[in-house]
């Protein structure tokens, strides 16, 4: 078959034979990945609209940045990975930065853009190793686990399973309240689907919960199910970069950078191992993969969404046999179709009780990183513990990271192990000490 679509040429480009896969397998794998990650198209705009952003604008931005980043890593890296806005870091953006600190979402986008620009420089140079090596492994895992606790806490609040209390700060909500009861049922349904390993359990769980919400009178059906993509003008190029250059926002920017680099690097290595793409313990073509993520972070800020990351949900497509960039390309084709279903997505997201179960489960899934913390080493374990526990309790990911850095350095000094601390970590700890102790309000 010659012409624009030459099958043999594409088979050679994607190395189908070398990686022991076929067109059929790659297509099925792409569909599988789509089913497991499509919930993000609902949850990400739902979270960011809580911060005052336009839902439709974020929805279109989410799809576009996913397409841009994923096509780069698929075509130039030939990896079966999908890149999209990350769960957890979007909650940090909306609830910790914008709502808790009162920072305009436009300034938060400016912070994301600055973090993405630095990420891009790191991806193009060898300095990315400098940043990765500076942060202790235990703290890296603690940051991911703490973010999971944070997003789980947000989910419990949205479900009103946890509510504020003047006596105990928080308390158990009224389980007989219709919305709370709906979230409990939705969580149970989703867990049932996951128990039976149903692909797309999170998304299907939201669909079932939405139907129940409509039956209970908690949700109105959209007047139409399809629409021309719109709203991007409300979020694209709205970022405020000038407002980023103060101590508090630089701490936020540093946090965006850390989480983006750590999550991206860790997830890609894990997925590459699952797909059998590691060569002698090395991750081949890592630069192109990192560039795709860095470009995604910066373009996401320009379009109007929180930082992106390589999705762990890509593992479902790999488990289905996906081994090349064809897998995410199939996912991208399906994503283009979903762009026209914004009214349906907005309806699903309009009731926080519907998306709450997904947040709780996503948060839980991030806790598996806790097992990698060196719990038998006090100076490694205690700072990690503080990072995890202070994230949800302070509603601030950046403050929790700063506390972890400071305590880690102090404990190493107390133990006479100053040489074990990377020189850059001393600078990071001092930066957060000044920010938290003298500037943060």
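Heads up, residue numbers simply count up from 1 along the chain you see.
Backbone N, Cα and C atoms are what each Cβ position is placed from, and that goes for glycine too.
Feature annotation from Swiss-Prot assigns transmembrane segment to 27-47 (among others).
Counting only same-chain residues 6+ beyond the ends of the transmembrane segment (63-83), those with a CB under 8 A from a CB of the stretch are 13-15, 29, 33, 37, 41, 229, 232, 268, 271-272, 275, 277, 285, 288-289, 291-293, 295-296, 299-300, 303, 305, 308-311, 313-314, 317-318, 322-329, 331-332, 335-336, 338-339. Swiss-Prot lists 63-83 (among others) with the feature transmembrane segment, giving sequence analysis as the kind of evidence.
The transmembrane segment annotation in Swiss-Prot covers 103-123 (among others).
As annotated by Swiss-Prot, transmembrane segment applies to 143-163 (among others), with the evidence given as sequence analysis.
Through the fold, the transmembrane segment (178-198) approaches residues 158-161, 204-206, 208-209, 212-213, 216, 218, 351-354, 356-358, 360-361 of its own chain, all at least 6 residues removed from its boundaries and within a Cβ separation under 8 Å. If you look up Swiss-Prot, you'll see 178-198 (among others) marked as transmembrane segment.
If you look up Swiss-Prot, you'll see 201-221 (among others) marked as transmembrane segment, on the strength of sequence analysis.
As annotated by Swiss-Prot, transmembrane segment applies to 249-269 (among others).
Annotation comment: Swiss-Prot describes 289-309 (among others) as transmembrane segment.
Under 8 Å from some Cβ of the transmembrane segment (325-345) lie the Cβ atoms of residues 10, 14, 16, 23, 26-27, 29-31, 33-34, 37-38, 41-42, 45, 56, 59-60, 63, 66-67, 70-71, 73-75, 77-82, 222-231, 314, 317-318, all in the same chain and six or more residues away from its ends. Summarising the annotation, Swiss-Prot assigns transmembrane segment to 325-345 (among others).
According to Swiss-Prot, the transmembrane segment annotation covers 347-367 (among others), on the basis of sequence analysis.
If you look up Swiss-Prot, you'll see 391-411 (among others) marked as transmembrane segment, on the strength of sequence analysis. Long-range contacts of the transmembrane segment (391-411) within the same chain, counting only residues at least 6 positions beyond its ends with a Cβ under 8 Å from a Cβ of the stretch, are 92, 95-96, 100-101, 136, 139, 142-143, 146-147, 149-150, 152-153, 251-252, 254-255, 258-259, 378-380, 382-384, 421, 425-426, 428-429, 431-433, 435-436, 440.
Summarising the annotation, Swiss-Prot assigns transmembrane segment to 421-441 (among others).
By the Cβ criterion (under 8 Å, sequence separation of 6 or more), the transmembrane segment (103-123) is in contact with the transmembrane segment (249-269), since 3+ such pairs are found. Same-chain residues lying 6+ beyond the ends of the transmembrane segment (289-309) with a Cβ under 8 Å from its Cβ atoms: 44, 48, 53, 57-58, 60-62, 64-66, 68-70, 72-73, 76-77, 79, 81, 83-86, 89-90, 92-94, 109-110, 112-113, 115-117, 119-120, 122-124, 128, 232, 234-239, 256, 259-260, 263-265, 267-268, 283. Two recorded stretches are said to be in contact when at least 3 C-beta pairs lie under 8 angstroms, sequence spacing 6 or more; the transmembrane segment (249-269) and the transmembrane segment (27-47) fall short of this definition. If you look at the transmembrane segment (143-163), the same-chain residues 6 or more away from its ends with a CB under 8 A from one of its CBs are 87-89, 91-92, 95-96, 170-175, 177, 179-180, 183-184, 187, 258-259, 262-263, 266, 352-353, 355-360, 362-370, 373, 387-392, 395, 397, 400-401, 404.
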